[in-house]
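Take a look at the following structure, please.
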Amino acid sequence: MVKEFVQDEEKQRLLLDEHTEKHFTAGEVVRDIIIGVSDGLTVPFALAAGLSGANAPSALVLTAGLAEVAAGAISMGLGGYLAAKSDADHYHRELQREQEEIDTVPDTEAAEIADILSQYGLGPEEYGPVVNSLRSNPKAWLEFMMKFELGLEKPEPRRALMSAGTIALAYVVGGLVPLLPYMFVPTADRAMATSVVVTLAALLFFGYVKGRFTGNRPFISAFQTAVIGALASAAAFGMAKAVQSI
């Protein structure tokens, strides 16, 4: 038997204070980190493997790799900024359009509220007071329509800059991993072998952590991430060897 909800604000507040949500809510930040680190680990790794396949000395591999990391971080960060800015612009355009509809056709918009609530199993006698309450509060009405009709969340004001910085920094951190051996190992062959071991270990670790955060199976995620990185570097190495033999 379902217990009735008691409309006691003080009791509700106590219940909410006692309950700790276990949902992970920093999805956008994690997404940016995943994008930056995954590309940062893979692209410089493939570049270093390709140059090593062409018998380039460690100094050249390191120089080219660092240049790629710098360019990649700027490019990825700019891409993240533009994507977040585009999302914010889209939200504000829809916000303005929805406000105009509330002002010009309020009855139609109220009917849409009723339709949305009816999809959750509420009858007219139940959603009627909710519709009337929202109509008396224009700000809440607009927020309700944006969230439940259009499925749009209000973006954070600094989201674009945060996304750009997070992706760029994550790319640099990931990109330095495959290049570290070339800083300390003088011969290119040994540096490449060390880079392969270090980067594959980093890819496995990153894939495992990514799986834990995203709710996927960690070991499957680790394996998939490592395979993608290995295939990219192997393709670059093989291409360099093929071109060199021509």
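Backbone N, Cα and C atoms are what each Cβ position is placed from, and that goes for glycine too.
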Would Swiss-Prot have PRO57 and PRO218 facing the same side of the membrane, if we go by the names of the topological domains it assigns?
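They are annotated on opposite sides of the bilayer.
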For the Fe cation 2 site, Swiss-Prot lists GLU109, GLU112, MET145; sort out which one of GLU98, GLU100, GLU156 goes with them.
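Of the residues offered, the record points to GLU98.
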Which one of GLU101, GLU125 goes with GLU109, GLU112 at the Fe cation 3 site, as Swiss-Prot has it?
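According to Swiss-Prot, the candidate sharing the Fe cation 3 site with GLU109, GLU112 is GLU101.
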Count, for each of 33-53, 59-79, 191-211, 219-239, the Cβ pairs lying under 8 Å from the transmembrane segment (165-185), and report the range with the highest count.
33-53
Report, as numbers and ranges, every residue of the chain located at least six residues beyond the topological domain 'Vacuolar' (54-58) whose Cβ falls under 8 Å of a Cβ in that stretch; write 'none' if there are none.
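Counting only partners 6 or more residues beyond its ends, the topological domain 'Vacuolar' (54-58) has Cβ contacts under 8 Å with 64, 182, 185-188, 191, 240-241, 243-244.
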Counting by DSSP secondary structure, give me helix, strand and coil numbers for the topological domain 'Cytoplasmic' (80-164).
68 helix, 0 strand, 17 coil
Should anything in the same chain at least six residues away from the transmembrane segment (219-239) have a Cβ under 8 Å from its Cβ atoms, list it; otherwise answer none.
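For the transmembrane segment (219-239), the list is 38, 41-43, 45-50, 52-53, 196, 199-200, 203-208, 210-211.
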Which residue counts does DSSP yield for the topological domain 'Vacuolar' (186-190) in the helix, strand and coil classes, in that order?
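Summed over the topological domain 'Vacuolar' (186-190), the classes give 3 helix, 0 strand, 2 coil.
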